[in-house]
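Record features (TrEMBL):
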- 515-677: domain 'STAS' (DOMAIN)
- 72-96: transmembrane segment (TRANSMEM)
- 102-119: transmembrane segment (TRANSMEM)
- 126-144: transmembrane segment (TRANSMEM)
- 190-212: transmembrane segment (TRANSMEM)
- 218-237: transmembrane segment (TRANSMEM)
- 249-266: transmembrane segment (TRANSMEM)
- 278-297: transmembrane segment (TRANSMEM)
- 333-353: transmembrane segment (TRANSMEM)
- 365-382: transmembrane segment (TRANSMEM)
- 402-422: transmembrane segment (TRANSMEM)
- 460-484: transmembrane segment (TRANSMEM)
């Protein structure tokens, strides 16, 4: 069968930018002034007040469309399932934060309540996130170390080491919340865009390694002081291996058993998730069993196993943050604010796309900021969302944050009534649960070979971010990763892949001459394309590539011609050369008298394709004008095509045009310019260059 290609024929005049502007009148658009924007921002009416209320309290929007019969049962099942997981993860992630386990229950309660009213995602489960918990733990152990005195801070007097640590964790969480709230109110939610998927992947993989190492002391039953700062992971491993012979066998066997069973059942959940009504809550089941066995055989006394211990009933009275701690932890609080929001927003975005609703990045910042501020007042630590817990909330049928509210009620029941049942739970079980949940983050290392084959700069970002975060700590590692990521962006823009184009025979299409077999290149015409903005950092690169493309340096040619002209005039003056006049000009491509040699210029027309140039700065504008003048002075006609209207307007406003560089060199499309050149320089059929590559 023969496939018929759709064809089109267009008959229109040949347009330069000037000709098109003369023939087609533009609509004059009134641009609003800064004063107008400010006035509009502070103007309020009934409609705007209603929209503001719905924006700040998004729960009103989805509560109005809540389908009671269809959604309530799903939310109840999801809320109970998520609540049980939240209790377990709250206890476990408290250990990462170097805090007593029950404070994780506070983190699974207060931020969830606040997010219910202010958050725009209907599916994420708010609470402790292992990476954030670890970052909090690093701050806590720096200010209140296991060995040695704490940092001298007013307010620590008369407090136990646990109370000091809770004060540090709550204060840094409060500061983190202020930063998130401020960014939300200032509408800078876009800041998360600077954290690419590659950077976040490398960072979270490194965090998983830190989490794994931090939990080894619980799994092995060893006493290892918490360390923070560069190379802390190396020193922690050293302290673990120095006393490896002191491993508590009961802790180790319990942990291995828990990890194996949980891993196997999680794989079954993944493989048969389409057939299972709800995932098997294996972590909860194994925790209940471990509690029962530990209580029955009195692990704490008989086997010297470290257990959760007494869990106080009820909630503690609120407290204000310590301002001195703010000054000590501001550097760590900012990356925590960014990481917490970035992870939560990326998870929320996945579920919003899947379930077809809109989330607002700035409102999410406000929601998490308020959640962390209010949570910190009640002694919870940094909240975001855990991927595994959010997956439970969504996969068990959760439709809205009613499920989150119910999960918080489950946590409240444990805190107020049945927390004592968890007292015999071995900490090694919590460590095992944390480790087995790291599989997803650790498996991200499989991205490295793919990135190496597909995009090596991205691969470098991943590897450097991961290694820096492992060796230098998560806060410095994130800064290094962000720096490397921005450098790759700069290098890509500074050294773009420029190309020389040629016409695809019989069409008005122009492609890289190296990529296609059948191309048409009129003699003396070059088409040069730069696929990036032109600015101060790449203007010299652009000019260098332009010289390569045309095959000569116009400035050098001009100097040689001027020198040759001076020589000819001297010879004429001495009478050694018989010429009546040189005023008519010299044919520089012909043979010159007296063995005078100048570089030959075979190009009469150059087309610059600006279709991918999105902006020019002042430095680039000056450099471009200098390059154009050099070419014009060696009798090369220059045409610029497909130039953005904004750039053209800027060129006019910056007095770019003069007697040499004229606006008439700008053409609407590449083919318009080519037809204009062919009309001006008719093609000699003998010199026409049609290439059929073999």
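Quick reminder: no glycine exception, Cβ is built from N, Cα and C everywhere.
Given the structure is predicted, the values throughout are model-derived calculations rather than measurements.
When Cβ-Cβ distances below 8 Å are used as the criterion, the transmembrane segment (278-297) is approached by residues 77, 81, 84-85, 88, 254, 258, 261-262, 265-266, 268-269, 303, 305, 307, 392, 395-397, 421-422, 424-426, 429, 433, 437 of the same chain, each at least six residues removed from its ends. By the Cβ criterion (under 8 Å, sequence separation of 6 or more), the transmembrane segment (365-382) is in contact with the transmembrane segment (333-353), since 3+ such pairs are found. Counting Cβ pairs under 8 Å that are 6 or more residues apart, the transmembrane segment (126-144) and the transmembrane segment (72-96) reach 3 or more and are in contact.
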